[in-house]
Amino acid sequence: MLTQPRRLVSAALAIVLGVTFVAVALFLGNAIRSSTEQRVVGDLADAGVVITRKKQERGPTGPAISDTYVAAVRSLPGVTGTRVLSERIFFQDMGGHRSPTSVRTVLPQGIGTVTSGRLPEKPGEVAVTSALAAARGVREGNDLRIGHGFDAPTVRAHVVGVVDPGPNGTSSPLPTLFAASSDIAAWSGEPGADEVQVIAPDVDVKSLRTRTSALPGGGAFTIRTKADEAEYRVGQAKTAVETTKKLFLGFAAVSVVVSAIVIANTFSILVLQQVRELALLRCVGARRRQVFGLVLREALFLSFVASAAGVILGAGIVAVVSALSAGSSTELGWQWVSPAAVALPMSLGMVVTTLAAVVPAHRATRVAPMAALRPEFVSPVRSRSGRIRTFLGFLTFLGGTSALVVGAASSKLVPAMIGGGLSVIGIVMVGGVIVPPLAGLLGALPARVAGLPGQLAVDNSRRNPARAGATASALFVGVALITMMSVGAESGQASLSQEFDRRASVDALITSEEKLPEGVFEKIRHSPVVAAAAQQSTGQVTLTSADPARTFEIKAEAQGLGPGADQVIRYRGFVEGVGPDTVLLSSERHRGVPDGAKVTVTGPRGDTLTVRAVVREGGPGSPMLTADNLRKVNPSSRQAIAVRLADGQDPAAAVEKISALLPGDQARVGGSAVERAEMHKLMQRMLYVVIGLLGVAVLIALVGIGNTLGLSVLERGRESGLLRALGVTRSQLRRMFGVEALVLAAVGTTTGIVAGIGYGAAAAQALLGSSVTALVVVIPWGRLALVAAVALAAGWLASVVPGRRAAKVSPSKALAAE
């Protein structure tokens with residue numbers, strides 16, 4: 001085989017891609033872990049002992065570290081200084097609404113890079129991160145108003161600098177300000193610190209920890225040495241890092257499996273191509289064991305070279321990523337190469353390749369010496385082992401699918417994952433049985449449209465069931481996983497959005513301590529960023545039975561819906577049933593009230609109204625009335641305006657525009673639009689990353705298709721020459737290979753999409769079934785059509801080079817005796 005390296009290119013490429021994926025997963029895992037460790041311990045600097053507030057698994061965090069205790073620590077012998085750190089959540093007044101902001105202590109050793117101005121030095125001064133400056137239009141010299149609470153009084157903070165905090169500057173996801181600890185305590189009204197770093201360079205840290213703990217009040221805090229604190233912080237971050245690493249390795253495993261299918265297929269065909277050479281070896285005295293060892297040694301050598309190339313390529317990719325991340329808050333650094341990260345993908349590539357070559361090597365030992373004396377064009381016949389494999393494959397598929405259905409129905413992810421994996425394995429095992437009939441079915445139209453080349457192509461795709469099954473199965477795995485993730489992600493997003501709508505059913509809600517002036521509602525309703533608006537009210541009521549035969553009493557804060565509320569509230573279950581003579585209730589929250597019962601609604605002053613109860617499963621948490629009815633029983637109910645944003649609007653910018661329409665500083669804009677958009681963006685980013693990772697598996701599968709067709713050119717050299725001699729043109733021969741590739745790609749793509757839809761719906765049910773009221777299954781037909789089109793186009797492209805090679809074969813040379 002090594003004397004004809006061209007035949008091994010496709011197998012080598014499959015190995016390189018699979019090993020590269022594993023290497024990238026391990027290198028990135030190491031890089032993320034290393035950068036995370038640096039990030040979580042980076043601000044410990046020269047501290048000997050670290051004092052923090054006690055954190056409990058359940059219940060509130062322990063008391064803040066008092067100034068008195070800090071002073072006592074400073075007085076200990078050998079202590080040269082302390083670093084007091086605090087972080088509180090404030091709300092920045094944006095001129096109509098308030099946005100959450102983290103305010104953190106300035107670290108004396110600096111916080112990244114000062115891009116403008118300087119760090120705070122005087123009381124009342126702050127520095128802002130470059131992210132906050134860009135998002136909120138803040139510059140050096142501006143004054144900000146911040147308050148420690150949504151409705152708390154605000155204080156003035158003067159911006160003296162803009163900084164890029166770097167990876168160690170802040171761990172908060174919120175926009176961040178930096179200020180002195182004394183200012184944070186004064187502004188928040190919460191004295192004390194969250195963390196105190198004790199600097200004592202000439203004192204034994206264990207002795208320092210003991211003396212610090214012995215001070216009055218020391219038992220109320222967690223006191224660790226710097227090494228222990230670093231280990232604790234790394235442990236806290238380890239779970240997320242390991243989860244990310246396992247996610248990458250999971251996708252790498254998919255690529256390795258697909259690579260194994262392609263490699264096994266390649267070596268099987270190579271053995272068939274070398275029947276005469278192997279038979280000649282047997283004729284000159286080679287034993288079966290020697291032939292077996294010959295094939296395995298060639299596979300081992302190929303895997304070593306290709307695996308080494310894969311590791312080098314993976315290291316290059318991660319090096320580029322590390323270089324691009326330099327200076328950002330997610331900087332990866334360069335401490336990611338380790339012996340294990342190099343040895344594992346190398347070993348894995350060699351082991352997988354060698355195992356994939358075992359069956360072809362065993363088949364090579366069964367070549368009879370007499371095969372050297374006659375042409376060998378006999379296609380493999382069905383064997384007893386093949387029938388057993390098919391039977392076991394069907395059992396695996398049925399058992400795995402059953403486990404998948406049961407796991408999904410009971411919302412248990414692990415059984416569903418195991419069942420889904422077994423189901424896929426079962427389909428791959430029976431590929432040789434199901435692919436030929438599907439190739440005939442899906443190839444019927446191309447056979448008619450493409451004429452004779454199309455008919456020959458469909459026949460060729462069915463001629464060798466094992467090879468066709470292996471080729472289509474590799475593509476099936478990749479497409480099925482991409483489809484599963486697409487359907488699962490879209491279904492999960494739709495289900496979570498529906499659940500989100502139940503809990504926060506309006507995009508924006510405008511409330512005010514004072515009555516809003518006339519005309520404000522109309523201005524908001526006609527704003528270009530608003531799709532619909534409705535007046536809403538909230539007030540205390542008591543619900544009792546109007547039927548003496550029944551007894552119930554519910555005291556609750558009711559919601560009053562004005563005209564047009566059905567166009568604003570996203571969850572229909574909170575609107576349908578509300579009318580002039582009804583009150584909408586939830587069967588879960590308002591037990592004891594039967595559907596259709598007469599209910600007396602009583603306000604704080606004793607005003608009453610009799611309506612009919614409409615009780616719905618999954619209904620609103622608060623009783624829903626019309627705004628007019630709520631006003632009748634509670635004239636002092638608080639007024640609000642519910643808004644639904646126009647499609648395509650940026651939620652944050654839309655809220656800013658709505659805020660600009662509100663008078664005074666008493667009105668507030670709340671709602672769920674920003675959170676909903678962030679959730680949507682997060683899920684879309686995750687989906688794109690996952691599809692990109694799984695795309696590697698599809699690429700490997702397409703390499704397998706090109707490999708199969710390329711070797712078919714060699715295997716069917718005489719056949720191609722005979723076709724040319726009978727009048728088939730070079731373009732028709734190229735078309736024949738193109739149609740064959742399309743048919744095999746169509747089989748793998750179609751089965752992958754059909755199975756992936758089922759796997760995706762089941763995965764979404766298993767993962768979210770216990771978290772959502774009802775699963776919404778969404779099939780993104782547009783994206784699936786794109787996946788199918790790309791797979792088919794790539795399959796055809798994989799046939800271009802083999803087709804051209806076949807077309808160049810001279811009829812006389814191809815028909816000549818070898």
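Even glycines carry a Cβ here, placed using N, Cα and C.
As stated in TrEMBL, the feature transmembrane segment covers range 391-410 out of the listed 11-30, 391-410.
Between the transmembrane segment (422-447) and the transmembrane segment (741-762), the number of CB pairs under 8 angstroms, six or more residues apart, is three or more, so the stretches are in contact. Beyond the ends of the transmembrane segment (336-359), by six or more residues, the same chain brings 11, 15, 18-19, 22-23, 26-28, 30-31, 34, 256, 259-261, 263-264, 267-268, 295-296, 298-300, 302-304, 306-308, 310-311, 314-315, 318, 322 to within a C-beta distance below 8 angstroms of the stretch. When each of 299-324, 391-410, 774-798 is scored by its Cβ pairs under 8 Å to the transmembrane segment (468-489), the top-ranked stretch turns out to be 774-798. Beyond its flanks by at least six residues, the transmembrane segment (391-410) meets 416-430, 433, 759, 761-763, 765-766, 769 of its own chain at Cβ-Cβ distances under 8 Å.
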